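Structure, as structure tokens:
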Amino acid sequence: MDLVPSSTLWSIAQELALYLAFTVPTAFVIITTPKSSFLRLAWTPCLLYILYRFSLQVPSLTTSQFLNGVAAGQATVAALQCLNLLLITKLDERELVHAGLCIPSSSLLVRVACAWALLVNFRGIGTVWEVKNVPQHAAYLQKPKQHRLSRRRYVLRESAIIIWQYLLLDLIHMSTKDTPPGDLARLFGPGLEYRYLDATAEQWFGRVSVGIFSWLVPSRVCLNIVSRIYCLVLVVLRISAPESCRPSFGRVRDACTIRGFWGKFWHQSFRWPLTSVGSFVARDVLRLPRPSLLERYTNIFFTFFTSAVLHLACDAILGIPPSGSGAMPFFCVVPLAIMFEDGVQEVWRRVTGPSQGAVPFWQRLVGFLWVGSWMYATSPWYLYPAARQPPERTWMVPVSVVGEIGLRVAQKVLLVYGVVLYWAIGGEI
């Protein structure tokens, strides 16, 4: 692998230009038009066309399915956020001024920049639109009697964690890259994602590795390292303060329910645009009574349905056709799991009375077993197509350190370095 081929640099430059070509004009429209302006609707097909042009370029960025997926996901959710702020939430300059994000006397360029910053702030951190359950900074960064976080401590901690995560992703790829194609076909071949009772022991192990382990380690770290690098650059360049760059993932302890897995443990980067669509359909289109169980679960369903459409689009950009993607069934059954566990919890409360204090350990253990079983059963629908990719498309880091020092040395370095990190800078799992 070349480090940065000139063709890749040119492709990245083109993609950045296209990304700005639909986000910056959207910010301009938000600032300069009233909420009901026809121009907002007229801009929508232009926005979608630019996104389409962006999608055509993604496969030429790298040979890495992961990195191309990050690019496709970032652009797709940015486009959805544009539509959200223009047509659903319908923000305008007055609301941005009222929220303290811009000053009317500022130049047009400054006001557009403020709108653009809000647009790409998918979690709305530090604004009145901040989504729920955004994780707080680690205790290591939050010193007593200090209202602001130390930029130096933030940069040091994030840099150290990024190095560890880089080594981990490198180790995972180098450990699996020599898997024979026959083994991949036997474990993750087409149709095996829906095989349960007649699966072999080896295939059951494959379901565990993809359905449970991949969410806890490779998938989480893949997305987390991108977020950390992005925030680190913003803080180093003093574009953002450390306070605005909160962690992207929650703690594993929050994943003892399906609702907690998606609402607290997993990243909330898409939550604002996704929940806006769900609320819009349930309350404005269907006009369901609020509050009501029907409105609540309809909202949840359309939130996950929109997420399924986004992931389906990303798969298509990466060359996985809709017929070969399991995004739609995987995400659309999540509301059923949430309804089931809500019902069980409600019955339990009525039988035992309101809970007092912390949730008992045995209940949390049952919760983890439930979540693990659900992810084991359904995750292969969505993740197996990616697991079938050949090794030359599964690399996650541009330069392999593990390839130079060897697997055994890398394992020891990763273990020692991880322990030091955990105790020295407040590692959190």
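Placement of Cβ uses the backbone N, Cα and C atoms for every residue, glycine included.
Copied over from Swiss-Prot, here are the features:
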- 12-32: transmembrane segment (TRANSMEM)
- 39-56: transmembrane segment (TRANSMEM)
- 69-89: transmembrane segment (TRANSMEM)
- 154-174: transmembrane segment (TRANSMEM)
- 221-241: transmembrane segment (TRANSMEM)
- 300-320: transmembrane segment (TRANSMEM)
- 324-344: transmembrane segment (TRANSMEM)
- 365-385: transmembrane segment (TRANSMEM)
- 409-429: transmembrane segment (TRANSMEM)
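Touching of the transmembrane segment (300-320) and the transmembrane segment (69-89) is concluded from the presence of at least three CB pairs under 8 A, sequence neighbours closer than 6 excluded. If one looks beyond the transmembrane segment (221-241) by at least 6 residues along the same chain, the residues whose Cβ comes under 8 Å of a Cβ in the stretch are 66, 70, 148-149, 151, 154-155, 158-159, 161-162, 165-166, 168-169, 248-249, 267, 269, 396. Between the transmembrane segment (154-174) and the transmembrane segment (409-429), the number of CB pairs under 8 angstroms, six or more residues apart, is three or more, so the stretches are in contact. Within the chain carrying the transmembrane segment (69-89), a Cβ under 8 angstroms from the stretch's Cβ atoms is held by residues 15, 18-19, 22-23, 26, 29-30, 40-41, 43-44, 47-48, 51, 54-55, 58, 61, 118-120, 122, 129, 222-223, 226, 269-270, 272-274, 276-277, 280, 306, 310, 313-314, 317-318, all 6 or more beyond its ends. Sequence-distant contacts of the transmembrane segment (324-344) (same chain, six or more residues past either end, CB-CB distance under 8 Å): 190, 193, 257-259, 262, 297, 300-301, 304-305, 307-309, 311-312, 315-316, 370, 374, 378-385. Counting only same-chain residues 6+ beyond the ends of the transmembrane segment (365-385), those with a CB under 8 A from a CB of the stretch are 188, 192-194, 196, 207-208, 210-212, 214-215, 219, 255-258, 260-261, 311, 315, 320, 324-327, 329-331, 333, 337, 341.
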